[in-house]
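Engineer: First the structure, then my questions, so here it is.
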Amino acid sequence: MDVLATDLLATDMLATDIVATDLLATDMLATDLLATNVLVTDVLATDLLATDLLATDLLATNMLATDVLATDLLATDLLATDMLATNMLATDVLATDAMTQGGFRLVLLKLTLWTLASSAGRIDMPIKSIRLRKAAMISRNFKNILVVSIGFLFLFTAYGGLQSLQSSLNAEDGMGVVSLSVIYASIIVSSMFLPPIMIKNLGCKWTIVVSMACYVSYSFGNLYPGWYTLIPTSVVLGLGGSPLWSAKCTYLTISGNKQAASDGKKGPDVINQYFGIFFFIFQSSTVWGNLMSSLIFGQDSNIAVIPEEQLMYCGAADCGLNSSVNATASASARPAQTLVWTLVGCYIGVGLLAMLIVAVFLENIDQEQTSEFRGNREPFCHTFLATFRLLRDWRLLTLVPLTVYSGFEQSFLSGEYTKNYVTCALGIHYVGFVMMCFGATNSLCSFLCGRLAQYTGRAALFLLAALTNFACIIAFLLWRPDPDNLVVFFALPALWGLADAVWQTQTNALYGALFPRDKEAAFANYRMWESIGFVIAFAYSTFLCLEYKLYILLSILLLTAITYPIVEYHEHKNPTPPVKEVEHHRYKETIQSDGEKVICQTQM
């Protein structure tokens, strides 16, 4: 018995030595770990005092893991399940020999917690990196859209104001209207070959800057208006008109597709939003340009009184038979030459400022494509005929009535309404205020259309615009302008501005969505056919009765209502894939692969 007692005592001493060794190893390991070791030491103390309270040990472990994961809210959702599964796995390992493996259990717990903390950092870093890249792209794209929009705002503050005044300010021999016809005839010619050549060689940014200089030249021509100054500068403006708008539309389409690929959205939805933002800012140029003309011309002391006999020939009653009366009235109502010089000088300064803003602040997003085109230059005939080759697409031909109507409806308001309704019945000093009403409504509705299109679709907006224009045309046919009905002079342009906002935003977005791989040629065709509408409308402006002009406008609107739904229905059944679809799929696969890694961790 004494020998047996001695053996038991020796065994107890050996176990004590083993426990002491475990404690010593634990203390050495604790010195290497961070602040987490304080809590783990508490767990060790709990194990030494009550090894049978395993549940308490697990609860403390879970609380410690929660503290580690709470350092990053984004990683918490991904790792909570992972942490629980790991703790349960550790519990199963510990339960196999809870009495003799106390020290080993503590080491496993520490290693598990350290692994979880490291995993949190590894998962959190790529998620933050993706979010930062997306935020940076949104910021860059939005900044570029604002720069383009503000540049066009300043440029067309000058040109839009002059365009609204041409039929009234330069009414002698129809010189103002003829200059507008020459502008859009030149745009037709430039649309045939210039946009693809300039955009692919200069890039969108510098094409915009060079084209803006052409617009500023027209303002210089209005300093001393005459046949030898207005017509040449009109030709120069027209040659720069199509490249300007094609480059703008191409720039917005590229930006929209890039943003859509980054966000995993549909390209047309983002493009619609960008065009809505652009036209919201751009269409307000009508307000500022006409505000400048109204304030400056309002200083004229010789404001003519409209005689009663002239009111008889205002509105749809004008048939060109009273041209001598109108010419005399327009000459007497023309502001002083010093005021005209002041206004044109302001317009020149604003146009030069627009060029400076775009040249300095706009990012050259298609620089790589431009450099690649220069290195692998296509034959000139291939680039020259790009606009015409696209006409083989039946969808483009079907959209011709819609595009031509856009030119007709804009030319009617700026050429016919301002002359035969506003100037005839109220005087030239009211033109600016009336067009400000049009511009304000147009700007606001352009922004709303860009937002609403993703919920209502293009077709509903086009229907709204068609019905609005139809009602306005009927009103123009029946209404006889009278100064006593001042509200009507502002209400009709406001409704016209609502419809024009739809035509501009949705037609541009439609071209970008239908022809993503031929953007330059598509938008060149858009400007060409729209300019044809302008030219035809301005060409017959001097010798057709206004009533007949309204009937022509109504006929083209009805033709548009027949042809456009065909294209929209085909696009609904056979959507055009965006040009960045390959990159979009790669982006989704990258995100999905990262997500699969996280899911595997969670399942463990």
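For all residues, glycine too, the Cβ spot is worked out from N, Cα and C.
Sharing the feature lines straight out of TrEMBL:
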TRANSMEM  144-162  transmembrane segment
TRANSMEM  174-194  transmembrane segment
TRANSMEM  206-224  transmembrane segment
TRANSMEM  230-254  transmembrane segment
TRANSMEM  274-297  transmembrane segment
TRANSMEM  339-362  transmembrane segment
TRANSMEM  428-449  transmembrane segment
TRANSMEM  461-479  transmembrane segment
TRANSMEM  485-503  transmembrane segment
TRANSMEM  524-544  transmembrane segment
TRANSMEM  550-567  transmembrane segment
Engineer: Mark yes when the transmembrane segment (274-297) and the transmembrane segment (524-544) have three or more Cβ pairs under 8 Å (sequence separation 6 or more) and no when they do not.
Structural biologist: no
Engineer: The transmembrane segment (339-362): which same-chain residues, six or more beyond its ends, come within Cβ distance under 8 Å?
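Structural biologist: Hits for the transmembrane segment (339-362): 143-144, 147-148, 150-155, 157-159, 161-162, 169, 205, 208-209, 212-213, 215-216, 219-220, 222-223, 289, 292-293, 296-297, 299-300.
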Engineer: Quickly jot the same-chain residues contacting the transmembrane segment (428-449) by Cβ under 8 Å, restricted to those at least six beyond its ends, or write none.
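Structural biologist: Same-chain residues near the transmembrane segment (428-449) but 6 or more away: 160-161, 164-165, 168-169, 272, 276-287, 289-295, 297-298, 300, 303, 330, 333-335, 413-414, 418, 422, 461, 489-490, 493-498, 500-502, 504-506.
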Engineer: Considering only Cβ pairs under 8 Å, which range in 144-162, 174-194, 230-254, 485-503 makes the most contacts with the transmembrane segment (274-297)?
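Structural biologist: Comparing 144-162, 174-194, 230-254, 485-503 against the transmembrane segment (274-297), the winner is 144-162.
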Engineer: Check the transmembrane segment (230-254) against each of 144-162, 174-194, 485-503 and return whichever range has the most CB pairs under 8 Å.
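Structural biologist: Highest pair count goes to 174-194.
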